[in-house]
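Asks: Quick one: this structure, given as structure tokens, is what I'll be asking you about.
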């Protein structure tokens, strides 16, 4: 019989697990990891007169550039047609680690929804299993984020950040929101791993067991 058990700690863990998975996915796909140095439309179009400054952005595999007169219109898309065309070997490695971590988080997010009804898998606590997976995902994401700045010396980055760009030194570029979102998501992933233990304690408490023995199928506890 499926018994739906909802506690504050288990619900918090479920919601945060879903949010973290989406945050990492959006950050991974975003082109806003690096913001290039300010440039004007005349630099691109060769037009005279008034010009509007803008900052192109560069992601792991995508980029955004302004096109057209006076920068009207933004062209965003992948700069790499294949994995081998990614800016540097460090970014290729970073993408693999980040993608693996995000995939694990996505699986955990799906499982966390079912944890409201099923608290164990093959007599193993679903919260403990998911907490372990989230800790592993956090390590994968952390390695990916450490590899990422090592690729700032690539030709692609130099074109956006200037000739002074080198590994771990973005020169005239600044970090975009996607990089910070990935860092925040990684920290939240480790928080989820800790909360999973609290969710396990909350759903296996004496109060929950008492309500199960009373035959209740929906159990809600603060």
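Cβ from N, Cα, C; glycine included.
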Asks: In TrEMBL, which of the ranges 65-89, 90-114 has the transmembrane segment annotation?
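Replies: The range carrying the transmembrane segment annotation in TrEMBL is 90-114.
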Asks: Given 12-30, 31-49, which one carries TrEMBL's transmembrane segment label?
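Replies: The range carrying the transmembrane segment annotation in TrEMBL is 12-30.
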Asks: Mind checking which residues of the chain, 6+ beyond the ends of the transmembrane segment (12-30), have their Cβ under 8 Å from one of its Cβ atoms?
Replies: 59-60, 62, 95, 98-99, 101-102, 105-106, 108-109, 112-113, 115-116, 127, 130, 134, 141, 176-179, 181-182, 184-186, 188-189, 191-192, 195-196, 198-199
